[in-house]
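Chemist: Handing you this structure, nothing more for now.
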Amino acid sequence: MKHITCIEDLRQVHKRKVPKAFFDYADRGSYSEDTLRANVDDLQQIKFRQRILVDVSKRDLSTTILGEPAALPLILAPVGLTGMQYGDGEIHACRAAQAAGIPYTLSTMSICSIEDVAANVDKPFWFQLYVMKDRGFIKALIERAIAAKCSALVLTVDLQVIGQRHADIKNGMTVPPEWSLSKLVDFATKPAWVAGVLRGKRRTFGNLVGHLKGTDDITALGTWIATQFDTTLNWKDVEWIRSIWPGKLILKGILDVEDAEEAAKTGAQALVVSNHGGRQLDGAPSSIEVLPEVVDAVGSRIEILFDGGIRSGQDVMRALALGAKSCMIGRAYIHGLGAYGGPGVAKALDIIRNELSVTMGLCGVNTIAEIDDHVLAI
Ligand SMILES: Cc1cc2nc3c(=O)[nH]c(=O)nc-3n(C[C@H](O)[C@H](O)[C@H](O)COP(=O)(O)O)c2cc1C
Ligand SMILES: CC(C)CC(=O)C(=O)O
């Protein structure tokens, strides 16, 4: 992997190795993809203030996330179908995160189940919850996360209705998948990927199969999922979740100050400023555009996490400078996973760690706590 020097390099290998339907599912966004692009572009427009002749020999990237020590201000974001990018992808990603000393978040819509991951990693991980209409299933899922000793629950609040991703429709990324000659040819040219996924523990939504009486019939699952995202979801449901989940709670998918104010009243320990990586409300502001106003409004009352568009350590520095306590990354690690499995995730984290360390050095900063808007040229 010596020739891999940045996240874009991992993206190119991911694109080559993984069937187009799954690569596009990870890479693309909703509708015109304006918000997807804005996430990346708005971050890159933020300029740093170079400082010289400061002793930066003792740079330390460690921090705390929700009161727990972390080696970096980073968290692996929940990503649905991770195990279709690489066989047992959730387990590989979680192990890489734990080796790097940062939290991993398992999606409700993962391929490996909560139990699969818990049985194959050393430490607790975070679990992300989609609240579905079947509240009995949700309660059981929370109980499974408690039994697996998950150390935080990430409640995603920006997916009551699903933003259309044109690429997924064109690629037949449905449950069950649509097959075409070109898709079969594409799979046939990726035998290493096929073999890896076939060796994996599962090829369907691991957390959902048990619920449907053990069936992994993909058509039955597809029908169930299609009816399950709950448009009635509201703040009362957050109270209900709070009452049955005893641990740390994080609300993910907040862009608006009024919503952030409500979130701060729920008893949640953190919120994630996020537009779901430009996959939901197309035309929403980039995450970085709204971060400062959310931090101003509620940053003293609730921990502010950030995601959307992070592709480098420089981007992490930009988000921290504008008030985020830590950042989640989605595509940046998924590109590493699709490219090389667990070592690819470790490589993505190495790249971002080194970029952040160099950026801190060139801005004259030694610790994460020192990073604020003084490092920016504004
Ligand atoms: C392929 C993919 C699947 C995702 N699945 C989920 C999910 O299951 N649950 C969730 O809360 N967010 C999901 N997200 C959103 C991420 O958690 C995160 O908010 C987003 O990826 C951040 O943007 P970035 O990819 O630019 O870092 C997904 C994102 C991607 C790219
Ligand atoms: C299965 C999807 C609902 C997972 C998701 O959140 C996404 O693709 O953005």
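Even glycines carry a Cβ here, placed using N, Cα and C.
Grabbed the feature section from TrEMBL, which reads as follows:
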{"type": "ACT_SITE", "residues": "HIS276", "note": "active site, proton acceptor"}
{"type": "BINDING", "residues": "TYR25, ARG165, HIS276, ARG279", "note": "glyoxylate binding site"}
{"type": "BINDING", "residues": "78-80, SER107, GLN128, TYR130, THR156, LYS252, SER274, 307-311, 330-331", "note": "FMN binding site"}
{"type": "DOMAIN", "residues": "1-378", "note": "domain 'FMN hydroxy acid dehydrogenase'"}
Chemist: Long-range neighbours only, meaning 6 or more apart in sequence with Cβ under 8 Å: which ones does ILE310 (FMN binding site) have?
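Modeler: Once residues fewer than 6 apart are set aside, ILE310 (FMN binding site) is near LEU43, VAL316, ALA319, CYS327, MET328, ILE329, ALA332, ILE352.
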Chemist: Measuring Cα to Cα, tell me the gap between SER274 (FMN binding site) and ARG165 (glyoxylate binding site) in whole angstrom.
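Modeler: Cα-Cα, rounded: 18 Å.
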Chemist: Determine, using Cα-Cα distances only, which of these recorded positions is closest to THR156 (FMN binding site): TYR25, HIS276, ARG279.
Modeler: HIS276
Chemist: If you count other CB atoms within 10 A of each CB, which of PRO78, GLY80, GLY308, GLY330 wins among these binding-site residues?
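Modeler: Of the binding-site residues PRO78, GLY80, GLY308, GLY330, the highest Cβ count within 10 Å belongs to GLY308.
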Chemist: If you measure from the Cα of PRO78 (FMN binding site), which of the recorded positions TYR25, ARG165, HIS276, ARG279 is the nearest?
Modeler: HIS276
Chemist: For HIS276 (active site, proton acceptor), list the number of other Cβ atoms lying within 10 Å of its Cβ atom.
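Modeler: Within a 10 Å radius of the Cβ of HIS276 (active site, proton acceptor) lie 26 other Cβ atoms.
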Chemist: Using C-alpha atoms, which one of the recorded positions TYR25, ARG165, HIS276, ARG279 comes nearest to GLY330 (FMN binding site)?
Modeler: HIS276
Chemist: Let me know how many other Cβ atoms fall within 10 Å of the Cβ of THR156 (FMN binding site).
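Modeler: Other Cβ atoms found within 10 Å: 22.
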